[in-house]
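*Asks:* Let me give you the structure first, and then I'll get to my questions.
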Amino acid sequence: MDAFKTHLATVASGAALSREQARAAFDDLLSGEVTPIQAGAFLTALSVRGESEDEIVGAVSAMRARMLPVTAPTGAIDIVGTGGDHSGSYNVSTLAAILTAACGVSVAKHGNRAATSRSGAADVLVALGVKIGLPPEALARCLSEAGLCFMFAQTHHGAMRHVAPVRTELPFRTIFNMLGPLSNPAGVTAQVFGVSRPAWAEPLTRVLATLGSRRVWTVHGSDGLDEITTTGPTAVIALEDGALSHFTIDPREVGLPLATLDDLRGGDPDHNAAALSAVLEGARSAYRDIAVLNAGAGLVVAGAAGTLAEGVARAQGAIDSGAARATLARLVAVSNA
C-alpha cells in the first residue's frame with residue numbers, strides 16, 4: 001500500500017496523477033486493500049481539485065477491467081446520464097431506450113437504483129415487471145429476443161462494494177458518479193450521454209473517445225437536465241470518428257412544443273411506471289415529447305436516422321404502431337423466463 005500512499009500524497013498536494021498512476025490507484029481502491037480513511041481522503045482531494053482527463057481514463061480502465069461483461073450485437077448503443085441533476089424528472093432515458101429498441105436498434109442499457117431522484121432506471125423497470133440483476137447469458141438473450149437489456153450496475157461492478165461505504169459517508173459527489181456511465185458492461189461504442197454539469201461535457205466526451213467510443217452525443221439541457229430537454233435548448237458535443245463538434249438542439253425545430261420542468265417531474269417508481277405505460281399506450285404528454293426527442297438522438301447516434309427530425313418521427317411511429325409497447329412486453333417476458 002506504499003504505492004497508494006504515494007498517489008494519495010500526490011493528489012493531496014494538488015498535483016494530478018498520470019493515466020498509469022490513476023489506473024494503479026483505482027486498482028487498489030477497487031481491490032478493497034485501501035483503508036476507509038485513505039479512500040475518503042483520496043476521493044476528497046480529487047473532488048476538491050477536479051479530476052483530470054487522464055485520471056478519469058485511468059479510473060475507468062480500472063473499472064472496466066473488473067466489470068462482468070455482456071456480449072451485445074455490433075452497433076448496440078446506450079442512452080445514459082450521470083444523474084445528479086436534482087430535477088425530479090421521470091425516467092426519460094429508460095423510455096427513450098425502449099423506443100429506440102422498438103425502431104430496430106439494440107440498446108444495452110446500463111443503470112442503477114435511484115441516487116438523487118425518487119426513481120432510478122432499475123426502480124421503474126422493476127415496477128414495470130422487468131427482472132433485473134440477470135447474468136450475462138440472460139442479458140444476451142434479452143438483446144437477441146427483445147432488442148433491449150438492462151444491465152444492473154450492482155451486478156456488473158461488484159468491486160464498487162469496496163468504496164460504497166466511503167461514498168455514503170461523503171456529503172458530495174465523487175469521481176465514481178461519472179465512472180458508472182462511462183463503464184458500460186457491453187462495451188458499446190455509441191452513446192447518448194447526459195451530463196448534469198456542463199463543465200463535464202467536453203472532458204468526458206474526450207475520455208470516451210480515448211477509451212474507444214466511435215459516435216457520441218454528450219448532452220446538457222439549459223435547465224440542468226442530463227437529457228435533451230424540451231424546456232429550452234440543449235447543448236450537444238458530438239463525437240464522430242475522433243472529431244468533436246458543438247451544436248444546440250431546440251425541440252421546436254423538430255416539431256415538439258416547449259414544456260416546463262413541472263411538466264417533466266416524476267414521482268416514485270409506481271408513478272413513473274404508470275406514466276411510462278401511458279405513453280406506450282398512446283397518451284400525448286410532455287413525457288412523450290421528451291422521450292421521442294431523446295430516442296431520436298439515439299437513432300442518429302446508432303446510424304439508424306440521418307437527422308434528428310427523422311429519428312423523432314421514427315420514435316413517434318414506434319409508439320403509434322404499438323411496436324414500443326410490444327418491445328417492453330418482450331423484455332418483461334424474456335427477463336422473467
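The count begins at 1 with the first shown residue.
For all residues, glycine too, the Cβ spot is worked out from N, Cα and C.
Take a look at what Swiss-Prot says about it:
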type: BINDING; residues: G81, 84-85, S89, 91-94, 109-117, A121; note: 5-phospho-alpha-D-ribose 1-diphosphate binding site
type: BINDING; residues: G81, N112; note: anthranilate 1 binding site
type: BINDING; residues: S93, E227; note: Mg(2+) 1 binding site
type: BINDING; residues: R167; note: anthranilate 2 binding site
type: BINDING; residues: D226, E227; note: Mg(2+) 2 binding site
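Looking at the shown structure, what environment does each listed feature sit in?
*Replies:* Annotation note: R113 (5-phospho-alpha-D-ribose 1-diphosphate binding site) sits in a coil segment as assigned by DSSP. Within the same chain, residues at least 6 positions away in sequence whose Cβ sits under 8 Å from that of R113 (5-phospho-alpha-D-ribose 1-diphosphate binding site) are G120, A122, D123, Q154.
Close to G81 (5-phospho-alpha-D-ribose 1-diphosphate binding site) in the fold, though at least 6 residues off in sequence, lie S93, P181, F193, G194, V195, S196, D226, E227, each with a CB less than 8 Å from its CB.
According to DSSP, S93 (5-phospho-alpha-D-ribose 1-diphosphate binding site) is assigned to a helical segment.
Within 10 Å of the Cβ of R167 (anthranilate 2 binding site) there are 17 other Cβ atoms, across all protein chains.
According to its DSSP assignment, E227 (Mg(2+) 1 binding site) is coil.
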*Asks:* In whole Å, how far does the CA atom of R167 (anthranilate 2 binding site) lie from that of N112 (anthranilate 1 binding site)?
*Replies:* 15
*Asks:* In sequence order, what residues of the same chain, 6+ apart, have a Cβ less than 8 Å from the Cβ of H110 (5-phospho-alpha-D-ribose 1-diphosphate binding site)?
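*Replies:* D78, V80, F150, M151, A153, H156, G180, P181, S183, N184, P185, A186 - these are the non-local Cβ neighbours of H110 (5-phospho-alpha-D-ribose 1-diphosphate binding site), listed in sequence order.
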*Asks:* Sequence gap of 6 or more, Cβ distance under 8 Å: name the residues on the same chain that satisfy this around N112 (anthranilate 1 binding site), in order along the sequence.
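*Replies:* Those within reach of N112 (anthranilate 1 binding site), by Cβ under 8 Å and sequence separation of 6 or more, are G120, A121, A122, F152, A153, Q154, G180.
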*Asks:* Using a 10 Å cut-off on CB atoms, tell me which of the binding-site residues S89, S93 is the least crowded.
*Replies:* S89
*Asks:* For E227 (Mg(2+) 1 binding site), just count the other CB atoms lying within 10 A of its CB, please.
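*Replies:* Step by step: centre on the Cβ of E227 (Mg(2+) 1 binding site), count other Cβ atoms within 10 Å, giving 27.
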